[in-house]
Amino acid sequence: MKILVLNSGSSSIKFQLFLMEENRSIASGIVEQIGSENSRAVLKANSKEYEKKRAIKDHHEGLDVMNELFRESNTLHDLSELDGIGHRIVHGGESFFSSMIVDDSVIAKIEQISPLAPLHNPGHIAGIKNAMQSSGDVPHVVVFDTVFHQTMPEYAYRYALPYDICKEHHIRKYGFHGTSHRYVCKRAASLMGMEFQNFNAISLHLGNGASACAVQNGKSIDTSMGLSPLEGLIMGTRSGDMDPAVVVYLLNIGVLKWDEIDTFLNKKSGLFGICGSSDMRDVVTRMANDERAKLAFEMFCYRVKKYIGAYYAVLGHVDALIFTGGIGENAPNTRQKICDDLKHLGIHVNHDLNFSKERGERCLDDKNAKIKTFVIPTNEELEIAIETMRVIKERAKI
């Protein structure tokens, strides 16, 4: 069974082809700078790289070039050969509680909630429509980053703002990175020999974007990101949690203008705002001689630690703490700082295991730990492929 996963942005298409009998990627690539003269498409397969450079005017043409690369690499001759195509969708709003087979009504709902994700959902829609035109009768499935968090209770997702306004305008915590949190929690449960529906965990997706998730009995019951990915942890360029009155104050004294707020909070804050770098590797390198870099590191780790404590209190019993994402997987200094002084919670990270050069899925805790600590490399594309296959098979039973 072959499943193609597409992540269509406003000017790019990321893609990965999976052989589902082995849960194995057999080809991956990207079509980038769509709509410019400098468009480029790259595919990696069979330990080789295939590339085409030429102007690509739109997503339809981008998919045509992707097809050319598939044929050239002999991994796929036509999209109609596929058993399914899975599409990553950033925001499902309150309309979607599970992954869905795509039809006209699904596309219409995604278009309707695009104001909640104006930078992402329009590109997703363009990818879906063009892929459907190019793939014959192949079923398409949409997999939402927000769906995993739809199991949060209302007292966790509702904001303490005027209730009627929030209901009318769909203002609430939605959460993101759901596909990643679900994947790594499923893997950790499997490594512990536990059924996912009995598994409790605190999942930390730490990268340029970062979020925490409390998982109880295999379901998300709270997460740090909110209406947008801006809430919660300190990130590369995003502020995370802050007093909203800061923005009002800066507007009142003339430091900010209304049209500068989004850029200020999303692109000029976080690690970058504190020390001038959004890259945790650079921050760690500079810490010894740069007080601001040290401050950024300590603020980042402190914020994560606070969320661990909060989610421990909410969950009561925790089976595992999971690190994933670029920082979570590759920054032992950050993991160590976060886990230091958490022994009273049962989290004991072994220093040598944490700083080992070993990669891939691994356990970091020592013999005194009551809570397992894992590093699990995320694989959102594989999780989307698995979800796509599940939805298609369920439809076939009807």
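These residue numbers are counts, starting from 1, taken along the chain as shown.
The backbone N, Cα and C atoms fix where each Cβ goes, glycine too.
Copied from Swiss-Prot, the annotated features are:
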- D145: active site, proton donor/acceptor (ACT_SITE)
- N7, E380: Mg(2+) binding site (BINDING)
- K14, H205, L206, G207, N208, G209, D279, M280, R281, G326, I327, G328, E329, N330: ATP binding site (BINDING)
- R88: substrate binding site (BINDING)
- H177: site 'Transition state stabilizer' (SITE)
- R238: site 'Transition state stabilizer' (SITE)
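Annotated features taken from Swiss-Prot, shown on the structure.
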residue : record                             : Cβ contacts under 8 Å, 6 or more apart
N7      : Mg(2+) binding site                : I13, K14, F15, H87, R88, G127, E381
D145    : active site, proton donor/acceptor : R88, I89, V90, H91, G92, F176, H177, G178, T179
L206    : ATP binding site                   : L233, V304, F323, T324, G325, G326, I327, G328, A331, T334
R238    : site 'Transition state stabilizer' : G209, P229, L230, L265, N266, S269, G270
D279    : ATP binding site                   : G236, L271
E329    : ATP binding site                   : F323, V375, I376, P377, T378
E380    : Mg(2+) binding site                : R88, T179, S180, Y183
Give the residue from the binding-site residues K14, R88, R281 that has the most other Cβ atoms within 10 Å of its Cβ, counting over every protein chain displayed.
R88
Can you check what DSSP calls R88 (substrate binding site), collapsed to helix, strand or coil?
strand
For the recorded positions listed here (H177, I327), tell me which residue's CB has the most neighbouring CB atoms inside 10 Å.
H177
All chains considered, the count of other Cβ atoms within 10 Å of the Cβ of N208 (ATP binding site) is 17
DSSP on D145 (active site, proton donor/acceptor), three-state: which is it?
coil
